[in-house]
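First up is the structure itself, then whatever we jot down about it.
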Amino acid sequence: MENSEQLVWLHGEPQATGSLKSTAEDFLVVEDLGFQPDGDGEQVLVRVRKRGCNTQFVAEMLAKFARLPLRAVSYAGLKDRHAVTEQWFCLHMPGKETPDFSSLELEGCDVLEVIRHRRKLRIGTLRGNHFALVLRQVSDRNEVDARLAQIAASGVPNYFGSQRFGRNGNNLEQARLWANNDIRVKERSKRSFYLSASRSAMFNQVASARLAGQQAKTVLCGDALQLTGRGSWFVAKADELETLQVRLDAGELQITAPLPGDDELGTQDDALAFEEQALTGQETLWSLVKRERVEPARRAVLLYPQQMQWEWQDDVTVAVKFWLPAGSFATSVVREVLHSQQDIDIGA
């Protein structure tokens, strides 16, 4: 399900409106690697603050400056150009001197830190991101205040943002054409985008159905449950439901929904039947990820922002800060707060 307006809200549809982003400075994203760089090694980590530049462009410029092939430059996640972001890039430079990046001139970008590291930075290496947003022209301060408090206590749906599906859902449109053999997709990056969009749409559809049935916080027989903060999961057995529900309520466990691939969904019994029913209508996308032998995975249905705080600058402007784990979308938080005049989706 790619249209965010069709997705169910956890706290009911917001009544307030506002502007998510008037300037790039109203959307600040700072990467959290989750580890301290080693200080030595074959890799050179470069922390860059960028405005108006997308991740791939900066990677290309760093490669050119350091006289490296583009394949020698990596990063942990993509960041949108319509924001101020602090992001790490990794340059593979064995046996080479660390470049003097003080002479790098790139409009909208500043090098903040350079340090050696032993391991390559790869997609998904990231622990999470710190977000600092400013919501302006808020129509109802009391409503937004109450919803922010609800979110801090109870979380939000862990939906993929519309950015995942491309402009006007183009990635999904192309994925369906590809699935039906109406087009050929040779570029590896496009194949990845289309497959990712397909799985994300199916996840959103199952997660939304779970919320619609008031079952986002109720363990079903056969559910795939994730240990909070961990990627591993296990299947809920019928004789364990009461105990598992207590652990879920205590925050130790999270219910997951599928990122379908070429194998089974992972759930069993009641949960499997629910997910298969929820995926009705997505046969084309499901057949594509099976055909392309994509590895299946699971993702938590709910997202719990950490370190959440907010401060009103005046009656119509609120600054909101929080931390999200890698792969989560800040706009999944914002869509539970208010209807935004601009839908800027920045995840990592």
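Counting begins at 1 with the first residue displayed.
Note: Cβ is positioned from N, Cα and C throughout, glycine not excepted.
Values in this document were obtained by computation on a predicted structure and should not be read as measured data.
The feature substrate binding site is assigned by Swiss-Prot to PHE27, ASN129, PHE329, with sequence analysis given as support. Sequence annotations record features per position, and here Swiss-Prot assigns active site, nucleophile to ASP80. Summarising the annotation, Swiss-Prot assigns domain 'TRUD' to 155-303.
With a 10 A radius on its CB, ASP80 (active site, nucleophile) counts 18 other CB atoms from all the protein chains.
Across the structure, PHE27 (substrate binding site) and ASP80 (active site, nucleophile) are spaced 10 Å apart at their Cα atoms. Residue pairs drawn from PHE27, ASN129, PHE329, the listed substrate binders, are separated by up to 12 Å at the Cα level.
On the backbone, the CA of ASP80 (active site, nucleophile) and the CA of PHE329 (substrate binding site) stand 12 Å apart. When secondary structure is read from DSSP and collapsed to three states, ASP80 (active site, nucleophile) falls in the coil class. The average pLDDT computed for the domain 'TRUD' (155-303) is 95. The DSSP breakdown of the domain 'TRUD' (155-303), given as helix, strand and coil counts, is 73 helix, 22 strand, 54 coil. Classification of PHE329 (substrate binding site) by DSSP places it within a strand.
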